[in-house]
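Features of the protein shown, as given by Swiss-Prot:
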- 117: active site, pros-phosphohistidine intermediate (ACT_SITE)
- 11, 59, 87, 93, 104, 114: ATP binding site (BINDING)
């Protein structure tokens, strides 16, 4: 087992539903610690840079439009196997296919408005965490 860090974004749809606390509680109950967090409005340029890996995909414009439609809650989670634990808590990308009790099954409306984003691998986690949080703003506890 290894201590990992992962990026979690509570997306505009879940922020608008006022379920930030319920989602964070699930992370903490699963043994993950929030070691950096903030509520912010993404600029279009930031959303395009963050999701640049999807730039050539047909859904890119809709994804960027959605991510700038309201504030997001970005956080760094730390814990044993944090990346996989977070992905298990989130559930399948499509909430209709997400297991009961997962964040997306409980709080997401569609494959587009799917409540949360989480890093998918250690390499992407490192890049995504650094995108939002300089190391000086991250505090292990």
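The chain as shown is numbered from 1 upward.
Note that Cβ sites are derived from N, Cα and C of the backbone, with glycine treated the same way.
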Cβ distance under 8 Å to residue 104 (ATP binding site), same chain, sequence separation 6 or more: which residues?
90, 91, 92, 93, 94, 95, 98, 114, 115, 116
Local Cβ density at residue 117 (active site, pros-phosphohistidine intermediate) - other Cβ atoms counted within 10 Å:
20
Across the record's ATP-binding residues 11, 59, 87, 93, 104, 114, the largest CA-CA distance in angstrom?
21
If you count, for each of the binding-site residues 93, 114, the other Cβ atoms lying within 10 Å of its Cβ, which residue has the minimum?
93
Cβ neighbour count (within 10 Å, all chains shown) around residue 11 (ATP binding site):
22
Cβ-Cβ under 8 Å from residue 59 (ATP binding site), same chain, 6 or more residues apart: which ones?
112
Measure from the Cβ of residue 87 (ATP binding site) and count the other Cβ atoms within 10 Å, all protein chains considered.
18
